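The next block holds one structure in the form of structure tokens; read it before the comments.
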Amino acid sequence: MTALFEPTEHPHRRYNPLIDQWVLVSPHRAKRPWQGQQEKVNEEQKPSYDPTCYLCPSNKRITGELNPDYRKPYVFKNDFSALLEDTPAPEKSSDPLFQSSQARGESRVICFSPDHSKTLPLLTALEIEEVIKVWQEQLRELGAKYQWVQIFENKGAAMGCSNPHPHGQIWANSFLPNEVAREDRTQRDYLLKHGSVMLVDYVKRELALKERIVVETEHWIALVPYWAIWPFETLLLPKTHVKRLTELSDEQSKDLAVILKKLTTKYDNLFETSFPYSMGFHAAPFNGEDNEHWQLHAHFYPPLLRSATVRKFMVGYEMLGENQRDLTAEQAAERLRALSEVHYKERTK
């Protein structure tokens, strides 16, 4: 006799309507022993100022240019930009196997604060508000010239961060990147088929179910999406229809700072380490269309799985077949939800 399906025990696939892909969920594998790579935990106390850091105030960058003695978030042109403003278009090819297109743009760096030691969860909500204001200013400026502006942060050496001073990046593109183009298509198709906005509908469903919500504030929710790929992946969304960061009300912007601090604090508290991740915002492009199908959201993709030293590797089947995870989204959300919103470094002894 076939056993009844149990999502915490039996392998199954979950569909991600946002990117039109499936993920294999294998919860029984979470019980397997681990004898693989153990990454060294680097938890030494960082100074608030490092004279050797290229990003600290008044220091010389690798190009020889001096940083100002900044006291709030500081933005500058990336010294090793992946995109250039004046890039000629390649010649058109008639061969369908050898196609290329023009890629113009700009790359900028945003230092979140002058303090070398403070990542987002260690900043105050007011300090994070200042970061959000700069994000919004950059979107307005760059969105006037480019159809896509990507705000993101790679936190930690495990995510390829090349400088320990807490910072993010802002890339402006003359084109829609692959992930964004896919989300644009799926959200547009959903609106045409259902007459409503996909991620607005999704927020309503998750608010009713509550089992995958990690943090909820007045205007925002952070949750482990039903279709999550990374072990403790989260999706951050406003509760109402908002297409871009620049369209947030003052109250929504302030509340975004609150939930960013709470969510990233829970991440750090999970394994009591500075939790690595890649995060970024997706929102309506600056392409002259109404983009009613779009809903602002942020993706957090952290690699850690079992501890501060054991991470998820996207290899083998994930590279050649489809994405796979062990822990269910509901189990991951339960663990994150139960964590304190007071950072482990700030707890009273």
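Just so you know, glycine gets a Cβ as well, placed from its N, Cα and C.
Pulled from Swiss-Prot, these are the features on record:
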ACT_SITE  H167  active site, tele-UMP-histidine intermediate
BINDING   29-32, 78-79, N154, 160-162, Q169, 312-313, 317-318, Q324  UDP-alpha-D-glucose binding site
BINDING   C53, C56, H116, H165  Zn(2+) binding site
BINDING   E183, H282, H297, H299  Fe cation binding site
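Everything Swiss-Prot records as a feature, shown here on the structure.
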residue	record	Cβ within 10 Å
C53	Zn(2+) binding site	18
C56	Zn(2+) binding site	21
N78	UDP-alpha-D-glucose binding site	14
H116	Zn(2+) binding site	21
N154	UDP-alpha-D-glucose binding site	19
H165	Zn(2+) binding site	24
H167	active site, tele-UMP-histidine intermediate	21
Q169	UDP-alpha-D-glucose binding site	16
H282	Fe cation binding site	24
H297	Fe cation binding site	20
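Listed in sequence order, the residues L18, E179, V180, L235, G280, F281, A283, A298 complete the 8 Å Cβ shell around the Fe cation site centroid, once E183, H282, H297, H299 themselves are left out. If you take the C-beta of H299 (Fe cation binding site) and look for same-chain residues 6 or more apart in sequence within under 8 angstroms, you find E233, T234, L235, L236, M279, G280, H282.
Looking only at Cα atoms, the residue listed as 'active site, tele-UMP-histidine intermediate' sits nearest to H116 among the binding-site residues R29, H116, E183. In this structure, F313 (UDP-alpha-D-glucose binding site) belongs to neither helix nor strand by DSSP; it is coil. Neighbours of E183 (Fe cation binding site), defined as other CB atoms within 10 A of its CB across all chains, total 23. Each residue in Y49, D50, Y54, L55, N59, C111, N163, P164 lies on the same chain as C53, C56, H116, H165 and has a C-beta within 8 Å of the C-beta centroid of that Zn(2+) site, without being one of the site residues. Cα spacing between H297 (Fe cation binding site) and Q169 (UDP-alpha-D-glucose binding site): 17 Å, rounded to the nearest whole number. DSSP classifies E183 (Fe cation binding site) as helix under the three-state reduction.
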